[in-house]
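What Swiss-Prot lists as S-adenosyl-L-methionine binding site is Glu123, Glu148, Asp175, and the listing cites sequence analysis. Summarising the annotation, Swiss-Prot assigns substrate binding site to Lys201, Asp231 and lists sequence analysis as the type of evidence.
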Amino acid sequence: MPNFKSKKIKEINLPYSKDDVEFLWLAKNDNVSLIYTKVQEESFFLQIKKAQNGFVIKGDKHTKPSKIGYLQKALKIFKEGFCEDIINEAFGLKNNALIEKTPFIVDNFDELLSKLQGKIYIEIGFGSGRHLLYQAKENPNVLILGVEIYNPALTQVAKLAKVQNVNNILLIQSDARLLLSVLKSKSVEKIFLHFPVPWDKKPHRRVIGKDFCKECARVLTQNGRFELRTDSFEYFNFTLEQFLTFPAPKFSLRKNENLEISSKYEDRWKKQEKNIYDLWVWNFNQECKNYELNEFNLSSVEFSKEDLKKIEQNFKNITIKKDDFFLHFESIYKQDENLLLKVAFGAFNKPEHCYLHLDKTIDFVFKEPFKIQENIKAINELKEILKVQFKI
């Protein structure tokens, strides 16, 4: 994560803007200050954290922009405008950093869903993009949707697509399980999962699980196919066992088959003479229906100034666990007379992190979390906890 350390920070008078970077407002607690930052169409927090002999300034990891160049530019402007005696820095705004909005990267699920049409392939964890770009070139009439949790991979592959004149891809930063949960039933032709982290010693951390397999079966078309390629026999066998729970699936199993394109990980494993396993699954024949999405309905909550004072005074770092969701109150910040809450919540295998702004009402600071049932339940619980736990 790009960052720098400064001995001194000048008085921060906001709003402040320069070179398409805007610092609009600040919220803080005893250890951390958050600056609401806008660069072109994206918003995120810069974080100022007290450290020994100075301050560390970096992007907040749960709101970081999809384009790393935006964060680098914001850090540069903040350093020049508000900092003295720079101790060290670990960022540099390069001329070729991806700053301009690219049509290949979508920022949220609403934007993604508006662009999905025709035949769709999904690649989960596309990494360097070799296989994703190969599929895009071989299937020009198919939309190749890549999902990846690491921002640098999105930026790198978007650049490669532009250079190689590949136009039928979309990339999104997300947990694959969350992505699948928002897609329409019977809407995807293929799902590729190539060389996932095997987690052989911690299988509970694998993306593969019963719920994931059910979601694959739901979103795949009648003749749609799931394709796993892995160097881990344990992962291969585990995945096979998960799909064997379906009534009449069909499988194709292969070992050490050479494909037309090879990822850098596959090249590495072949040099080490490791075995490579392929598992294809289709014929799920599962009756599925699209989820009906509810609303968060935050408009039903109102606060007085006295309520906000009580929330601030009584705030505790607490976690509530229910059967199918959790809610964790992580931090609280003061923004003038208003409050900022940082919370984690949702399904145990698909956690969300977000900030909520409290004044007379309560609102999500950035985009809304997607309206899956676990998130709806968690936010409803949050509204009750604010009343009961924090005594308003």
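Including glycine, each Cβ sits where the backbone N, Cα and C put it.
These figures come from a predicted structure and were not determined experimentally.
If you take the Cα of Lys201 (substrate binding site) and the Cα of Glu148 (S-adenosyl-L-methionine binding site), they are about 23 angstrom apart, rounded to a whole number. Using the Cβ center of Glu123, Glu148, Asp175 for S-adenosyl-L-methionine, the list of other same-chain residues with Cβ within 8 Å runs, in sequence order, Ile124, Gly125, Phe126, Gly146, Val147, Ile149, Ile172, Gln173, Ser174, Ala176, Leu179. Here Asp175 (S-adenosyl-L-methionine binding site) comes close to Ile149, Lys350: these same-chain residues lie at least six apart in sequence, with C-beta atoms under 8 angstroms from its C-beta. If you take the C-beta of Glu123 (S-adenosyl-L-methionine binding site) and look for same-chain residues 6 or more apart in sequence within under 8 angstroms, you find His131, Leu132, Gln135, Ile144, Leu145, Gly146, Val147, Ile191, Phe192, Leu193, His194. Most Cβ neighbours within 10 Å, among the binding-site residues Glu148, Asp231: Glu148 holds that distinction in the structure as shown.
Around the Cβ of Lys201 (substrate binding site), 7 further Cβ atoms fall within 10 Å across all displayed protein chains. Site extent for S-adenosyl-L-methionine: the farthest pair of Cα atoms among Glu123, Glu148, Asp175 sits 12 Å apart. The CA atom of Asp231 (substrate binding site) is located 20 Å away from the CA atom of Glu148 (S-adenosyl-L-methionine binding site). Under the DSSP three-state reduction, Glu123 (S-adenosyl-L-methionine binding site) is assigned to strand.
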